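Trainee: Feature list, courtesy of TrEMBL:
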type	residues	note
ACT_SITE	E13	active site
ACT_SITE	S181	active site
ACT_SITE	S316	active site
BINDING	K119, 173-175, 181-182, 211-218, 304-305	ATP binding site
BINDING	D291, E305	Mg(2+) 1 binding site
BINDING	E305, N307	Mg(2+) 2 binding site
DOMAIN	123-338	domain 'ATP-grasp'
Amino acid sequence: MKLLLICGGQSTEHSISRMSCTNIRKSIKDEISVEVMGITKEGSWYKLADEVRDYASENWLEGATEIKDNFAYLKSFDVVFPALHGLYGEDGTIQGILEMCNVPYVGCRVIDSAAAMDKVVAKKLFNAANIKQVPSLYAFKRYDGEFVIINDDTSEDREIVERVKHDLGLPVFIKASRSGSSVGCYKVTREEDILPRLQEAGQYDRKVLIEKAINATELECAVLGNDDLIVSRVGQILPHGEFYTFESKYEDKQSATCIPARVDQSVQDYIRKMAPIAFKAVDGHGLARCDFFLDNDTGEVYLNEINTLPGFTNISMYPMLMADAGIPTTELVDRLIQLALER
Ligand code: ADP
Ligand code: MG
Ligand code: MG
């Protein structure tokens, strides 16, 4: 069997994908013949040299050859593992190309990837599945540059600051709809910062979510499968810093995780019940990490988001939760490949 592992990508999470791929590559069984393709931040595709095994290293492109006929190249594999995070990787776009090439691939398909990536769209699907979420408003940057809040009746409200104060109260989180790794995500405590932060988030996406800030314990649950799902125990993020920012996720050695979470069993049971419901709500395939907030003030549990291509770095929760469930990463990668082939 010939497998293509794809790493890098054009998103703000390019570097994370390269770290994930180093681990995934190590976990692929010897029987499988593997090629690794790198997508640069600019979007060029390279077949990486066989000798390279640390894709996070600066020399990842040493000895690489540029791929000219992208479709023909993809079609020459039996299965593809697009280990990309964020835009053009986790959002249904590369999945669409793979569908057109008729090559099986690991993970969520087009609509599930796109829906889970887009926080505004995902909210609507989760709502329809009766999953509790943090109260929010949906803001939108019109093509004339002005931000408006979209009401359910589709009318536009320009009184953004008033609406935020009235409907949600401060502090709030302002986040770009299609982003990840906390890029374009800000906590806003002061009224005067609402509009500037909205503009900043708007640089990543014209759709922006404004959410009531929760005094949250962050809890994560991993699912694996197509029809029948394996649901992991619940893990807890212990972020260092004000919230789980890009830096606290990947650079701050004081951020930590623990499995199982140090919260009531009833909370864990509830999350394990809701994670597959969230996965099915976006019509998920293969894998996802479902992230929840426990509101420390009220005891309420909310679904925050689901990530259809969660990190596989050394400190990533998805492979740790699966290992805890008795599926070490070598077996996990193998099962993901089988799940890609079975559909
Ligand atoms: P991303 O897809 O970038 O991970 P998230 O919605 O998970 O986006 O937000 C990133 C982080 O910001 C979360 O892990 C959490 O630390 C914090 N956060 C986001 N929304 C809220 C909220 N409503 N209340 C409290 N913290 C939040
Ligand atoms: Mg995310
Ligand atoms: Mg998140």
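Note: Cβ is positioned from N, Cα and C throughout, glycine not excepted.
Keep in mind that TrEMBL annotations are predicted by a computer and have not been checked by a curator.
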Trainee: Where ligand 2 binds, which of the binding-site residues K119, N215, E305, N307 are close by, with Cβ under 6 Å?
Mentor: E305, N307
Trainee: Taking Cα-Cα distance, which of the recorded positions E13, I174, A213, N304, N307, S316 are within 10 Å of D291 (Mg(2+) 1 binding site)?
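Mentor: Among E13, I174, A213, N304, N307, S316, the ones whose Cα sits within 10 Å of that of D291 (Mg(2+) 1 binding site) are N304, N307.
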Trainee: Where the criterion is a Cβ under 6 Å from an atom of ligand 1, which of the recorded positions E13, I174, N304 meet it?
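Mentor: Among the recorded positions listed, those whose Cβ sits under 6 Å from ligand 1 are N304.
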Trainee: Pick out which of the binding-site residues T217, N307 has the most other Cβ atoms within 10 Å of its own Cβ.
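Mentor: Per the Cβ count within 10 Å, the most buried is N307.
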Trainee: Between E13 (active site) and S181 (active site), how many Å separate their Cα atoms?
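Mentor: Rounded to a whole number, the Cα-Cα distance is 7 Å.
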Trainee: What whole-number Å value do you get for the CA-CA distance of S181 (active site) and E305 (Mg(2+) 1 binding site)?
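Mentor: Approximately 12 Å lies between the Cα of S181 (active site) and that of E305 (Mg(2+) 1 binding site).
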Trainee: Sequence gap of 6 or more, C-beta under 8 Å: which same-chain residues meet both conditions with respect to N215 (ATP binding site)?
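Mentor: Counting only residues 6 or more apart in sequence, the Cβ neighbours of N215 (ATP binding site) under 8 Å are D295, N296, D297.
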Trainee: Return only the integer: C-alpha distance in Å from N307 (Mg(2+) 2 binding site) to K119 (ATP binding site).
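Mentor: Each residue's Cα considered, N307 (Mg(2+) 2 binding site) and K119 (ATP binding site) end up 10 Å apart.
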Trainee: Using Cβ-Cβ distances, find the residues under 8 Å from E305 (Mg(2+) 1 binding site) that belong to the same chain and are at least 6 apart in sequence, listing them in sequence order.
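Mentor: For E305 (Mg(2+) 1 binding site), the qualifying residues are A116, K119, A122, D291.
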Trainee: Highest Cβ count within 10 Å among the recorded positions E13, E211, D291: which residue is it?
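Mentor: Answer by Cβ density within 10 Å: E13.
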Trainee: What same-chain residues, at least 6 away in sequence, bring their CB to under 8 Å of the CB of N304 (ATP binding site)?
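Mentor: The answer is Q133, V134, E218, D291, F292, F293.
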Trainee: Just to be sure I understand the packing, how many Cβ atoms besides its own are within 10 Å of the Cβ of A213 (ATP binding site)?
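Mentor: A213 (ATP binding site): 17 neighbouring Cβ atoms within 10 Å.
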Trainee: If you count other C-beta atoms within 10 angstroms, which of the recorded positions K119, I174, S181, S316 is the most crowded?
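Mentor: Highest number of other Cβ atoms within 10 Å: I174.
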Trainee: Round to the nearest Å and give the CA-to-CA distance linking S316 (active site) with I174 (ATP binding site).
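Mentor: Here the two Cα atoms lie 24 Å apart.
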